[in-house]
Amino acid sequence: MDEELRRRNVRTALWLAATAIAVFVMFIVRYGMSSQ
Amino acid sequence: MAAIPGGADHSHDHSHDHHPSGLMRWVTTTNHKDIGSMYLWFSFAMFIVGGIMALVIRAELFQPGLQVVDPDRFNQMTTLHGLIMVFGAIMPAFVGFANWMLPLMIGASDMAFARMNNWSFWLLPPAAILLTGSLLVPGGAAASGWTLYPPLTVQMGIGMDMAIFAVHILGISSIMGSINIVTTILNMRAPGMTLMKMPLFCWTWLITAYLVIAVMPVLAGAVTMILTDRHFGTSFFNAAGGGDPVLYQHIFWFFGHPEVYIIAIPAFGVVSQVIPAFSRKPLFGYASMVYATSSIAILSFIVWAHHMYTVGMPVAGQLYFMFATMLIAVPTGVKVFNWVATMWRGSLTFETPMLFSIGFLFLFTLGGFSGLVLSMTAVDVQLHDSYYVVAHFHYVMVAGALFSAYAGAYYWLPKWTGHMYDEKLGKLHFWLSLIFFNMTFFVQHFLGLAGMPRRIPDYSLQFAEFNKISSIGAFGFGLSQLVFLVVVLKCLKGGEKASAKPWDGAEGLEWTVPSPAPHHTFEVPPVVK
């Protein structure tokens, strides 16, 4: 796998992982805290 | 599907490899085909475990009264059966197909993150051990149903913590797998393979992977909040501390409804490969299939509360969720009509993959219709938590997802093993499955309409006959699945040699590589015209 493709893959994966983490945090903070 | 393979040079593909042998090959492998095979074997093993739990349930329900297990153990069986079948059997089966076939279909040499792929798989066995092992701990396994509703889940023993931890692990595994799939499809397609030239199976997995990334963290958040309610003094869902149990239901089903499509959409993808191959025609309405699948995925986010009409909701809310749910029938209808139109005036043959696909088409549509019935609020208030619901979702999950998985397995077995499977046994497997599946679940519609509630170990005498029929059907269905195991083992052992393209109507890059597919393929990307 060439270096440019590797970097592109890592960039895509980081965006997707950030999305997943953001959803997790958002649901706990926004909806979970509303009942505290 | 407009992918036209051209210039694929397999002189660089090696069947030999420098990987470790024995057990270490499987522990350390980063090869997408090895990992795909492990996913598929794992999912079948979990299918057997979850199936045995289903048979315990059906044995208990064979006649009224308590015979086989005590009520608490019965509830543990329904809970673990659901969790294991959804997260341990069906989802890993389709991830197995994705691992095996996506790189071959798009002309990539492997998945984008081969080591993470290995990790995604090896997270599954510990989760499975946690789930099944929880049966042995004091207080037994989680007994709240697979939906893990509080307040029950706030009150249970250590088995509940094990289930929560298992769900966390399974969620992480699915998210990593999905990141891998999206990255592979977006970045590693062969030159000339535009998105709209991809086989539909790739499209369905691209959409599914986005769904997983969007909703798995929601489930993880929900079960994390249960965990902190149980052990760290919070009251997210604990009404005694000012929390709201109904909030959990909203959060769970915001995950839970897209989850239905996480299971169903890859099944659509498999069927969209098989039906054109055995109709000897291109898929009818390829672009409309892509848009319909995307529409289903988007709509799946806005219908969650149809699972909870009875919790108390304003009429405007009920009406909104009812109409939004009915809307999903439109893109689903587009797909069903396109599959039928693909077969229309095709040169049809009925090998086992095609039989399972047609079985899927009829029975999934039936499951869709009973879903429409349940989407109507006024009707659902009567049928909620009844056996009608059990019948409905088994038509979607078993006849939908499982039949499609079998269609895919029979379709690609020659490519995986290099041998043709035993067609007679394959057909026997299909007909036995079809008959016993309907025997098990069709009668459950009547039980539900007559008022039999789900998740109960005992029932009134009036339900006895249909329950007997259902239980006999379940044992028949369970035994029929052993035929599939025999077919696969026979196919692995030997049999008629499969050519690179054993199905004359099949299209796509995966059929340009030899059968069995060499350990490394497409090291030099093919050119798609």
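Yeah, the Cβs are placed from backbone N, Cα and C, and that goes for glycine too.
Automatic, uncurated: that is what TrEMBL annotation is.
For reference, TrEMBL has these:
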- B:1-20: region 'Disordered' (REGION)
- B:9-20: compositional bias 'Basic and acidic residues' (COMPBIAS)
- B:26-529: domain 'Cytochrome oxidase subunit I profile' (DOMAIN)
- B:39-59: transmembrane segment (TRANSMEM)
- B:79-100: transmembrane segment (TRANSMEM)
- B:121-143: transmembrane segment (TRANSMEM)
- B:163-188: transmembrane segment (TRANSMEM)
- B:200-227: transmembrane segment (TRANSMEM)
- B:247-271: transmembrane segment (TRANSMEM)
- B:283-307: transmembrane segment (TRANSMEM)
- B:319-341: transmembrane segment (TRANSMEM)
- B:353-373: transmembrane segment (TRANSMEM)
- B:393-413: transmembrane segment (TRANSMEM)
- B:434-452: transmembrane segment (TRANSMEM)
- B:472-492: transmembrane segment (TRANSMEM)
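Among the listed stretches B:39-59, B:283-307, B:353-373, B:434-452, B:472-492, the one sharing the most Cβ pairs under 8 Å with the transmembrane segment (B:247-271) is B:283-307. Nonlocal intrachain contacts for the transmembrane segment (B:472-492), taken as residues 6+ away from its ends with a CB within less than 8 angstroms of a stretch CB, comprise 44, 47-48, 51-52, 54-55, 58, 406, 409-410, 413, 417, 419-422, 425-426, 428-429, 432-433, 435-441, 443. Contacts between the transmembrane segment (B:79-100) and the transmembrane segment (B:393-413): present, as 3 or more C-beta pairs lie under 8 angstroms, all at sequence separation of six or more. Outside the transmembrane segment (B:393-413) by six or more residues, the chain places 40, 85-86, 90, 93-94, 97, 100-101, 260, 263-264, 266-268, 270-271, 273-274, 277, 351-354, 356-357, 359-360, 363-364, 366-368, 370-371, 419, 421, 426, 429-430, 433, 437, 440-441, 444, 484, 487-488, 491, 503, 510 with a CB less than 8 A from a CB of the stretch. Long-range contacts of the transmembrane segment (B:121-143) within its own chain (CB-CB distance under 8 A, at least 6 residues past either end) are made by residues 27, 35, 38-39, 42, 46, 49, 72-73, 75-76, 79-80, 83-84, 87-88, 92, 152-153, 156-160, 162-163, 165-167, 169-170, 172-173, 176.
Remote same-chain partners of the transmembrane segment (B:434-452), defined as residues 6 or more beyond its termini with a Cβ less than 8 Å from a stretch Cβ, comprise 58, 359, 363, 370, 383, 386-392, 394-395, 398-399, 459-460, 462-463, 466-467, 469-470, 472-474, 476-477, 480.
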